[in-house]
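Asks: What Swiss-Prot lists as coiled coil is 86-163. As annotated by Swiss-Prot, compositional bias 'Basic and acidic residues' applies to 124-161, 244-275. Taken from Swiss-Prot, the feature compositional bias 'Low complexity' covers 232-243. Per Swiss-Prot, ubiquitin cross-link is recorded for LYS394, and the stated evidence type is similarity to another entry. What Swiss-Prot records for 404-576 is domain 'CRAL-TRIO'. Residues or ranges marked as domain 'GOLD' by Swiss-Prot on the basis of sequence analysis: 580-681. Positions annotated as N-acetylalanine by Swiss-Prot, on the basis of a large-scale study or a structure entry: ALA2. Annotated phosphoserine per Swiss-Prot: SER79, in sequence order. Taken from Swiss-Prot, the feature region 'Disordered' applies to 1-23, 111-279.
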Amino acid sequence: MAQEEIQKPTASVPVVKEETPAPVKEVEVPVTTEKAVAAPAPEATEEKVVSEVAVPETEVTAVKEEEVATGKEILQSESFKEEGYLASELQEAEKNALAELKELVREALNKREFTAPPPPPAPVKEEKVEEKKTEETEEKKEEVKTEEKSLEAETKEEEKSAAPATVETKKEEILAAPAPIVAETKKEETPVAPAPVETKPAAPVVAETKKEEILPAAPVTTETKVEEKVVPVETTPAAPVTTETKEEEKAAPVTTETKEEEKAAPGETKKEEKATASTQVKRASKFIKDIFVSVTTSEKKKEEEKPAVVTIEKAFAADQEEETKTVEAVEESIVSITLPETAAYVEPEEVSIWGIPLLEDERSDVILLKFLRARDFKVKEAFTMLKNTVQWRKENKIDDLVSEDLEGSEFEKLVFTHGVDKQGHVVIYSSYGEFQNKEIFSDKEKLSKFLKWRIQFQEKCVRSLDFSPEAKSSFVFVSDFRNAPGLGQRALWQFIKRAVKQFEDNYPEFVAKELFINVPWWYIPYYKTFGSIITSPRTRSKMVLSGPSKSAETIFKYVAPEVVPVKYGGLSKDSPFTVEDGVTEAVVKSTSKYTIDLPATEGSTLSWELRVLGADVSYGAQFEPSNEASYTVIVSKNRKVGLTDEPVITDSFKASEAGKVVITIDNQTFKKKKVLYRSKTQA
């Protein structure tokens, strides 16, 4: 299954071999017959798409055709260089990111965070909760302040309304006091009017008014004191208010003025005996108005002074409430933070991927670097990706899936490994044309069966890698689009897209190079379709597209022709052997040679497969005819078989006459070697 992404075609750049300096390994120069495309270095952020499709001819491309025809272009073309995993090859920022990720992994293992499903950024949620709490407390504070302001306004209004009420009560009291006087005067004046002799009783009437006015004067102040005491009780600060009112009331000479003026009134009545009762009433009303004015002015002063005392104490009370609320909020936050610290100690968790622990192993750094590179060295994103991968493996029981016996022989034509590239990466071939086989992919159940088999295949391939920093820990993928499903088959492409996304998320940075071959000419304009399938920009930068006419040359740039299968233009034939063909075992002693004789009949084709466990031997094969007059034919020259070479040696020979093929294994080491081989003769 392809895990790569596509790059946009760039402008053609002529390549001059004599002037090119030592090539940078990551620069791509795909082979084309009509147009050579030079992709930018991987440092560029733009996506790179190298197209091998035919384009208009130029003089430069004509020269390129001659070079390709002679084979010079393939021999001199530089392959890519994979990013290294050695500590000496890492930049300082990359080393720091790796150290930070290792610390996060260590903390997660100590807290056993890999056991439970990783919540999408958990710390962010806690911060949000704390932010919400602080926002709520702030809102509450604002509400309290607004309530206090409204209460202050209400108290002011109540006090204002209470003040006129007290004034009215005072007015009523004052009115109530002289009211009987007026009534008495009227009663007494009515009989006095016809007879002026009866004016003498006016003096006692005034005296009565004096007494009556003096008597209610005291209760007026006392009643106001009582009422003023009742009013501040609602606003708590009663003491200061009463003292001020007492002082102001003492300062207000209400009773004295009334006494003096009233004393003056009877003097005038004595001097002016001819004055009528109406003049007395007018004077009394005037005195009452003066009293009202003095009372209202004093009450206004009281009102101006009262709110200041009330608001200060209210503000003090509000501050105390805010302090208690903030203390409660702090206590809540302290409780939420201190809970994990009081938790019981738990043993660190042991987590491994592909049989390698996440820490305490030199191979662990290689795995962690893969996740970092997949997320452009963003440590938190890489850590989240790692946790999600571990959880996905647990949910799908990937470790158990490896040893499970799945029936999927029909899928072996769709995805298979064959040889290695020029740098030693295992090559995985995928044939998208097999998706057209309705017997295999006719319904969702069969598609799910294939996906399970494909995951097992990928897992086995990954586990076969050596994750040491100096080894190759990725693959070269060759995706064949011959007879691939058309764009109209959306359901099938959606399945492919989901499968590729699953591999991108859980097998990061296992793609060294992705070659799309036999891409139809009409498919190139829709290369964005590839981009919709493969989402990783880093994977897209490793993709190369080529049409049917240039597929073989594109593969030969990265894989030697003798290793490429015949169906893709190479020289490597498909193995004629099946599972039923038996295997013979032999032991090669140290510092000795071992020969294997395989008989061959005239006109037959003899094929054999051979593997030496531990390698580090020399291999050679020759045909010796039965007729002594005939010459010996060299089938394979003696060559050294190292540990990095292809593990299985496959060869064949067509005999023109009867004879035998002699295979020689030369072991010059001081350790014995085991040889496994099998052969088959075909007419």
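Using N, Cα and C of the backbone, Cβ positions are placed for all residues, glycine too.
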Asks: Which chain-mates of the residue listed as 'ubiquitin cross-link' that are at least 6 residues away have a CB under 8 A from its CB, listed by sequence?
Replies: none
Asks: Across the domain 'CRAL-TRIO' (404-576), what does the mean pLDDT come to, as a whole number?
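Replies: Taking every residue of the domain 'CRAL-TRIO' (404-576) together, the mean pLDDT is 85.
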Asks: Three-state secondary structure of the residue listed as 'ubiquitin cross-link' from DSSP?
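Replies: The residue in question, the residue listed as 'ubiquitin cross-link', is helix (DSSP, three-state).
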